[in-house]
Amino acid sequence: MMRLRLTDRRGSALQRREARAGYLFISPWVFGFLALTAGPMVVSLYLSFTDYSLVNETHQVGLENYRQLFEDPRVGKSLANTFVYAAMFVPLGIVVALGLALLLLRLGRFSGFFRTVFYLPVMTPGVAAGAMFLLLLNGQRGLLNDVLGWFGITGPNWTTDPAWLKPSLAVVSLWTMGGSIIIYLAALNNVPKQLYEAALLDGAGPVRRFVSVTLPMISGALFFTVITHTIGAMQMFDQAFTMYYGPQQGATASDESLVYMVYLFQNAFQYFRMGFASALAWVLFAIILVITVVQVRVGNRFVYYEGGSTR
Amino acid sequence: MTLDVRRPLRPDDPDRPAREGELASLVTTGGGRRRRLTSGLVVRWLLLLLATVAFAYPLVWLVSASLKPKAQVFDNRLVPETVQWSNFVTVWDAGPVLQWLMNSGLVSLMAAATVTLSSALVAFGFAYFRFRLRGALFGLVLATMMLPGAVTMIPVYLIWNRLGFVDTQVPLWAGNLFGSAFYIFLMRQFFLGVPRELFEAARIDGCSNLGLFRRIALPLCRPALIIVFIFELQASWSDLMKPLIYLQTEEYYTMPRGLKQIVDSFALSGQYNWEIAMAATLVATVPMIIVFAFGQRYFLEGLATQAKQG
């Protein structure tokens, strides 16, 4: 009896020491979380109910910011633009990346070269990609329309025609999506070979094999990229700001290129409407949260996990 | 069908994941056939070639455009009729470009070094030690990955403002001292892969907790450290938002912020010196291409591990 209790207590002392060490190791993150995430979240929520502007006296305005948010046509416009951009880029990006990953599967030793080529654009800073494509997409003399011209297609004014501003942003994003090609390639390489052999024995054709074997087996990677791409697209800033928001455009910039983050940034750091910008930020958070939850709900019905669990 | 991962897989094992290249014929056309020059193969290579041109050509075009005289920027010929090296001299004079490059380099190195070290510490804490709130806190780490930066952007700006760090480069990297959720997640996976016996043996030999981290966890997980380091190096180099928010003095700008200014100033003056803008764009991009040349194995590896976690 005595000995049992003794080991018990020694064990718990050890456990306490281990726990202390654990908390010590994670303390940088805990501090960072409190000081730079949780604290600021509370402050941001508070600011969203004020007219804080960095300089003038601050008043509590209740739900005024949120009411204005619904009335400000530029909020609705920027949100709609962001959705349209995301709706173009996310599915297109996934189809193109998956297609390229499938093409790369065949190539054993060449695949390194192609992976490098496809990933290289990701290294280009967003500003640089934006500046480059401003010229490449030029309506009259840009390279893309030149190429389209060879096929007798008259390309649009990508960067000036209001209808084409969002597609032009999607083109730039497509150019820098090499990361998902690599992710899909890794997932495709992990599909057990005998599944294809079994499908083949069952007389499944190439389309059937793709739909019934390949897609379910890589659904985890697909799901992951759908979510990360959507979250990223909702927060797109660099390219839009570089291409369409210099001093030259000023007030004349077409609202067709106004994405949500650009409008948020303008409110916070150009118009110094920080209370209103905080409200915008919270609305963005809510939208991303809802989209992600829906995607996870829907996704879980289609994603196949080996062994039946996530990890 | 489940795979027993603990069973070693022999090369002829039917459960062995297919090697790259083996699969393709099965995924797409007929399985098991010998590779001949089928029309399918031709189409595939054509598509690949097309994609290669689409992905690589813009960068090649950038090099060429940056060397052209103003009148030829838009002629879209790959080899400039006349090579105008002076474009780069003009870029040099368009702002303190060397300073911007050094600022970017310094900021990125600081950001990468701090985030690697702090994320590794935290990841080790979560991977090795057992404590009551471990699961809950780690859940919180994962949850923060979903939080858009916009929510904390303004209060964090106010903090740095209050501390007197606005218009310095400190806010561009100092937040990294506290680790970053995604990297913590990534490194934890690596640390979990180290056999626990290794740590226990070292502990019996009198190794302290910090010693376990420094002498065993870190050396064994060097690839993870390198992956995190160069990912953050790239992310930090490319960042535009933070320099826009925090930097006012031109001398403190990072290269992307400087590039934005160059592009804007030409447009503002109505001059549209696109050849100079392209030369500046190239200057902002080349350092990252060099980083990629050295670190590409780790970039590609890092992305592949993401797939397995997904």
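In case you wondered, yes, glycine gets a Cβ from its N, Cα and C as well.
Among the features that TrEMBL reports, transmembrane segment is placed at B:42-63, B:106-129, B:136-160, B:172-191, B:212-231, B:276-295. If you look up TrEMBL, you'll see B:101-295 marked as domain 'ABC transmembrane type-1'.
Stretch with the most C-beta contacts under 8 angstroms to the transmembrane segment (B:106-129), considering only B:136-160, B:172-191, B:212-231, B:276-295: B:172-191. Packing against the transmembrane segment (B:212-231) from elsewhere in the chain are residues 112-113, 115-116, 119-121, 124, 127-128, 183, 186-187, 190-191, 194, 198-199, 202-203, 291, 295, 298-299, 301-302, 305: each is 6 or more residues past its ends and has a CB under 8 Å from a CB in it.
Cβ atoms under 8 Å from those of the transmembrane segment (B:172-191) belong to residues 107, 110-111, 114-116, 118-124, 126-128, 138, 141-142, 144-145, 156, 165, 217, 221, 223-225, 227-228, 231-232, 236, 239, 242-243, 246, 254, 302, 305-306, 309 of the same chain, restricted to positions at least 6 beyond its ends.
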